[in-house]
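Pulled from Swiss-Prot, these are the features on record:
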- VAL1: N-acetylvaline (MOD_RES)
- 2-146: domain 'Globin' (DOMAIN)
- THR12: phosphothreonine (MOD_RES)
- SER44: phosphoserine (MOD_RES)
- LYS59: N6-acetyllysine (MOD_RES)
- HIS63, HIS92: heme b binding site (BINDING)
- LYS82: N6-acetyllysine (MOD_RES)
- CYS93: S-nitrosocysteine (MOD_RES)
- LYS144: N6-acetyllysine (MOD_RES)
Amino acid sequence: VHLTGEEKSAVTALWGKVNVDEVGGEALGRLLVVYPWTQRFFESFGDLSTPDAVMNNPKVKAHGKKVLGAFSDGLTHLDNLKGTFAHLSELHCDKLHVDPENFRLLGNVLVCVLAHHFGKEFTPVVQAAYQKVVAGVANALAHKYH
């Protein structure tokens, strides 16, 4: 991902304020509510029958935290996202058979959640930088797909 110095600073400054537990669970939960077909990958998570059930599901929250932890790792390796996410790309492609479009959807949901949490602080410049980052991460996660 090519980010200007200003964009990198904007991304890292905001990310330093992100509560990974809270934002991760909310982002994954919203993905599952807004795009219900994505729930098929999480059937072992128990009750996903209503938006409230999804948003309060401890397994959704825990996995969201894990997902955002990996995203955090990617932010420290913006110049090598494909290498950083190679193992996760392989896992999601070969073992889990996740449609790579879901990575793009989750990235866009994450941007919405960040905007919700940070309000005026999430300026158009910050949003543009995050859109580049989530697109780069989605591309890296889709890399092993044939």
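Backbone N, Cα and C atoms are what each Cβ position is placed from, and that goes for glycine too.
Features as recorded by Swiss-Prot, highlighted on the structure.
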| residue | record | DSSP class |
| --- | --- | --- |
| VAL1 | N-acetylvaline | coil |
| THR12 | phosphothreonine | helix |
| SER44 | phosphoserine | helix |
| LYS59 | N6-acetyllysine | helix |
| LYS82 | N6-acetyllysine | helix |
| CYS93 | S-nitrosocysteine | helix |
Q: Other Cβ atoms within 10 Å is the metric here; tell me which of the recorded positions LYS59, HIS63, LYS82 scores highest.
A: HIS63
**Q.** Spatial neighbours of the residue listed as 'phosphoserine' among the modified residues VAL1, LYS59, LYS82 [C-alpha, 10 Å]
**A.** LYS59
Q | For CYS93 (S-nitrosocysteine), the number of other Cβ atoms found within 10 Å of its own Cβ | A | 17
